[in-house]
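So the structure is just underneath, and the comments pick up after that.
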Amino acid sequence: MATASLDTARPERRAGSDPFIEKTPEVRPEAMVATGRPSLVGLTRGALRERLAAIGVPEREQRMRTGQLWHWINVRGAASFEAMTNVGKGLKAQLEEAYTLDRPEVVSEQVSRDGTRKWLLRMPPTGRHDHNRGAEIECVYIPANDRGTLCVSSQVGCTLTCSFCHTGTQRLVRNLSAQEITAQLVVARDRLGDWPGQVPPKGTFVPVDGSRFVSNIVFMGMGEPLYNVDNVVDAVGVMSDNEGLGLSRRRITVSTSGVVPQFERLGIDANAMLAISLHAVRDDLRDELVPLNRKYPIRTLLEACRNYPGVSNARRITFEYVMLKGVNDSDSEARELVRLLKGIPAKINLIPFNPWPGSRYECSDWERIERFSEIVFNAGYASPVRTPRGRDILAACGQLKSETEKLRARARLMLEDGIGAEGVYGAVDDD
C-alpha cells in the first residue's frame, strides 16, 4: 500500500464546481510567519529540505541536515536553534537569520472539570483574507487512563452547515496548511510537557499507563478534512513519521461528513482510520442534519465505505451518530441502522448531543440512548456511548467555534473591512 508523500509537489487538481466548497486562497507551507521569518515547525521533510536549500546548504549535505533538524523539531521539541547541539554554529546562525521555530500563538487555554483542555490558537496572518491578524482555530486534548486524544482542526470555519454543529454556524475562512495542522500537535506536546525529559504541569490529567500523553489524533475539530485532503494527507504523514512525531496511523482517525470522491485518496495515501458522521438513516432527515447528503446520499456513502482501502475487521470504520431527542433516536431507526451497515466492518459511536447557544435540538434521554445502543449491540456491532467531555468549556463534540466568530456583529464587520482591527479585538464576547 502506498504511503503518504512527504514532498511538497502536488498532483494537478481538477477544477470543479462543487456547490459545497467555498473557494478560498491557498495557504503555502511557509504560512507560519512571525517577525517576517517563516517557522520550520510542522513542515514535511521535503519542505524542510527546500528551506535548507534556500539558505545555501550544499546539496550533498541537505539530506543529513534535514535529518538533524527533523529530529530536533519533531522528537526533541526544540524551541530554539541554539538547543541543537549537533548543528554547527555557522548553520545555526544562518537558520536564526532566516527562520524561527515559532508555534501558533496560544490565545487562551481552558481546562474542564474532567481534565479536558481546549486551546484557542492564532495562526500568523497569511493574507488579507486573514484580516491582517491571523486566523483562529480550536483544538482539544481529551485524557483517559489508557490514551490521550488530541482533536485537531483542518479548516478555519466550515462550509457544511450541519444543523446540529456549532462549527457549522461559522463561515469558512480558509483551509489550514499541513504545517498548521501538524503544529497543533506540537503545541499540545509543549503545553502538556510531552517531550523527552519533560513532566506535565502540576494537576494535568494524562494517561497513567506510561504512554505518550498524546497517543491518538482525531480530525474531528473545525472543518471538513476531505475538503482539504492534500494538506490532511501531508499532516498525517508528518505526524506518523517513525523518526519524528511517531504516532501510529492506526491511532489517527479522519472524520468526514461524506466527501465520497476523496475516500480512496485518504485510504491509500494517508492509510488513516475512517470515521463517518452519519447521524440519520433516512435521506430526508440526513439532508436536513448533514446537507452534504444531497450530493452524496446514504446509499452512495455506504457503498464508498464498503470499498474503503484496507477496511477489515481489524480496521473498522467508525460511524458517528449524534442522539437527538425525538429526531433520530427511535427503536425503528436503530434497527434500520443495523440493516444499512450490514457487511461493513464497523462500530457505531453514539454521541449524546452537546448543547450550544442557539441550537434547536435537545439530547436524547439517557434511557433512550441505552435502548438504542442495546439494539445495535445485540445485532453484533460495538456501540459505545461516547462520554461527553469538556462540555463546561464548549470543547465537546459539535461545540467548537473560534473566538473570532464570537465578536459582536458590528465589530466583525469592521474587522472584515480592515478598520480598527487592533481595537476591535478587545470586544470579544466571553460566551
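Even glycines carry a Cβ here, placed using N, Cα and C.
The compositional bias 'Basic and acidic residues' annotation in Swiss-Prot covers 9-26.
Taken from Swiss-Prot, the feature active site, proton acceptor covers Glu138. Counting every protein chain shown, the number of other Cβ atoms lying within 10 Å of the Cβ of Glu138 (active site, proton acceptor) is 25.
Using a 10 Å radius centred on the Cβ of Cys165 ([4Fe-4S] cluster binding site) and all shown protein chains, the other Cβ atoms total 26. Per Swiss-Prot, the feature [4Fe-4S] cluster binding site maps to Cys158, Cys162, Cys165.
All protein chains included, Gly223 (S-adenosyl-L-methionine binding site) registers 29 other Cβ atoms within 10 Å of its own Cβ. DSSP assigns Gly223 (S-adenosyl-L-methionine binding site) to coil in the three-state reduction, outside any helix or strand. If you look up Swiss-Prot, you'll see Gly223, Glu224, Ser255, Ser277, Leu278, His279, Asn354 marked as S-adenosyl-L-methionine binding site, on the strength of sequence analysis.
According to Swiss-Prot, the feature active site, S-methylcysteine intermediate maps to Cys397.
Note: His279 (S-adenosyl-L-methionine binding site) has non-local neighbours Phe164, Arg286, Leu289, Val290, Glu320, Tyr321, Val322, Leu324, Asn328, i.e. same-chain residues 6+ apart with C-beta under 8 A of its own C-beta. Within the set of recorded positions Glu138, Cys158, Cys162, Cys165, the entry lying nearest in space to Asn354 (S-adenosyl-L-methionine binding site) is Cys165 (CA atoms). In sequence order, Ser154, Gln155, Cys158, Thr159, Leu160, Thr256, Ser257, Val259, Leu292 are the residues of the chain that are 6 or more apart from Glu224 (S-adenosyl-L-methionine binding site) and have a CB within less than 8 Å of its CB. Cα of Ser255 (S-adenosyl-L-methionine binding site) to Cα of Cys162 ([4Fe-4S] cluster binding site): a distance of 14 Å.
In the three-state DSSP reading, Ser255 (S-adenosyl-L-methionine binding site) counts as strand.
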